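Participant: I have a structure here, written as structure tokens, and I will follow up with some questions on it.
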Amino acid sequence: MSLSDPVGDTTHFLSDDSEGEEPGVRPGQEEESPSGVSVNRARLTVAVLFYINLLNYMDRFTVAGVLPDIENYFGISDGNSGLLQTVFVCSYMLLAPCFGYLGDRYNRKWIMLVGISFWSLVTLASSYTPKNSFWALLLTRGLVGVGEASYSTIAPTIIADLYVKEKRTVMLSVFYFAIPVGSGLGYIVGSSVDKLAGDWHWALRVTPGLGLLAVLMLLFVVKEPKRGGVEARPEHQLQRTSWLADMKSLSRNWSFMLSTFGFTAVAFVTGSLALWAPTFLYRAGIFTGEKPPCVSANCDNSDSLYFGIVTCVTGVLGVTSGMLVSRSLRKRTQRADPLVCAAGLLLSAPFLFLAIVFAQSSTVATYVFIFLGETFLSMNWAIVADILLYVVVPTRRSTAAAFQIVLSHCLGDAGSPYLIGVVSDSLRKRDSYLWQFRSLQVSLMLCSFVAVVGGGFFLATALFIEGDRNRADNYSPSDDEPIVVPRSGRSTKVPVSSVLI
């Protein structure tokens, strides 16, 4: 079967003709759902997407797991260390709208295949950076953002086209388990491989091999579902509007906009902690006399291992508890989702603050408060994605996801690691181990303040969530809303009124 065949999972990524057709059921073949994907294939698809998401976040935080070694190897400041995360997120953020546009119009499976293959090759290349070429490491880490942008904007929309309502929430929760668990594994794998190999470069060579397996699984297991096929009104009953019309509609969707600002606060806090928490804990150990300073090629990265374990456990607990509490509260109010997100952020703020303060006196208390703060912070991962999917119509979801990625990362974790590093450098009065710890301690306190602001945005979301959800469920294009009408194999933008009889 060729790539241009109109059957869903083998459709060429520059063609989307298959999604309005009904597949036939051959003798002995399992009956397919309205999505065009069988029940078993749908479950396998979620499993593959979970694995790839896990791999993405493993790769993202492997660098954070060996950051003291990288700082010592290149002899860089905190500000330059923060750039490693910032350039990655900026690349990811800038490319997300492109993949969001493509994901709403073309075959999503082939877009992800190309992106993940490129990401794996660039990650492998980054592991061969020589000592006098820190700029090359920055460049390759920036290019890694291509893979995540091609994946993160599209994968949730595939799950949305396979499941609805409660099943969708459950499957999204499974998918978003990969964020904290993958992040934790990044710290664990990075620090462990660094210790075994005696060279931090080897820590960056683990995920490319696993990425090849991801490409094969995506190629042979995942099938492109019909957009909106499992919902009350599938995509062929809706009209694709122009990109400008999509953006205009999204900007007027208060639930989407406010929840995006709330998620921006989550991105700011998690981005800061993800890069700096292991290094902060390591400097706290030097400050308290529990650890020796790093004077050799290999630093003590045990805090990366412990923080990774904590991140894995709190991620599972946070996502699970968020899903269960949200499902329980939905029986009482339709505002349950934003209220749970708000509670998670507002509860995480004091525990993160206490963790930063107690680092100078008690390692045990610090980890206890980090455990509680990260658990509450993780409650909103799957819920925010679910909010987007039910307040935005199917034909705009990839665009909405891309816009949310751009805004949340632009104002969130694109700059927060670098900002924390710059503030730390500016507060440091002298180059001593005491001031290395104190300056980073004070700069990280900014995370608690941002968490409280984010909780306020989610509380505001609760005021509009019911109306916006009803509008999405009963959406119909207005007379002056431009739609995309095929003409001679090309897309032409015309007013709705000109094509209505």
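Any Cβ shown, glycine's included, is placed from N, Cα and C.
Note that TrEMBL annotation is computational and uncurated.
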Participant: Select from 43-63, 400-420 the stretch of residues annotated by TrEMBL as transmembrane segment.
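Facilitator: Going through 43-63, 400-420 one by one, TrEMBL gives transmembrane segment for 400-420.
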Participant: Tell me if the transmembrane segment (400-420) touches the transmembrane segment (83-103). I count contact as 3 or more CB pairs below 8 A, with pairs 6 or more residues apart.
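Facilitator: These two stretches do touch.
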Participant: Ranking 110-128, 134-158, 202-222, 305-326, 365-393 by the number of C-beta pairs under 8 Å to the transmembrane segment (256-277), which range is first?
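Facilitator: Looking at each of 110-128, 134-158, 202-222, 305-326, 365-393 in turn, the most contacts to the transmembrane segment (256-277) are made by 365-393.
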Participant: What same-chain residues lie close to the transmembrane segment (110-128): Cβ under 8 Å, and 6 or more beyond its ends?
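Facilitator: Residues 3, 11-13, 52, 56, 59, 99, 102-103, 136-137, 140-141, 143-144, 146-151, 154-155, 201-205, 207-208, 211-212, 214-215, 218-219.
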Participant: Please figure out which one of 134-158, 202-222, 305-326, 365-393, 440-465 racks up the most CB pairs under 8 Å against the transmembrane segment (170-190).
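Facilitator: Going through each listed stretch, the top one turns out to be 305-326.
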Participant: Do the transmembrane segment (365-393) and the transmembrane segment (305-326) share at least 3 Cβ pairs closer than 8 Å, excluding pairs fewer than 6 residues apart in sequence?
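Facilitator: Judged by the Cβ rule, the two regions touch, with the required three close pairs present.
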Participant: So, does the transmembrane segment (338-359) come close enough to the transmembrane segment (134-158) to give 3+ Cβ pairs below 8 Å, pairs being at least 6 apart in sequence?
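Facilitator: Counting Cβ pairs under 8 Å (6 or more apart in sequence), the transmembrane segment (134-158) does not reach the transmembrane segment (338-359), since there are fewer than 3.
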Participant: Grab the pLDDT values for the domain 'Major facilitator superfamily (MFS) profile' (45-466) and give me their mean, rounded.
Facilitator: 83
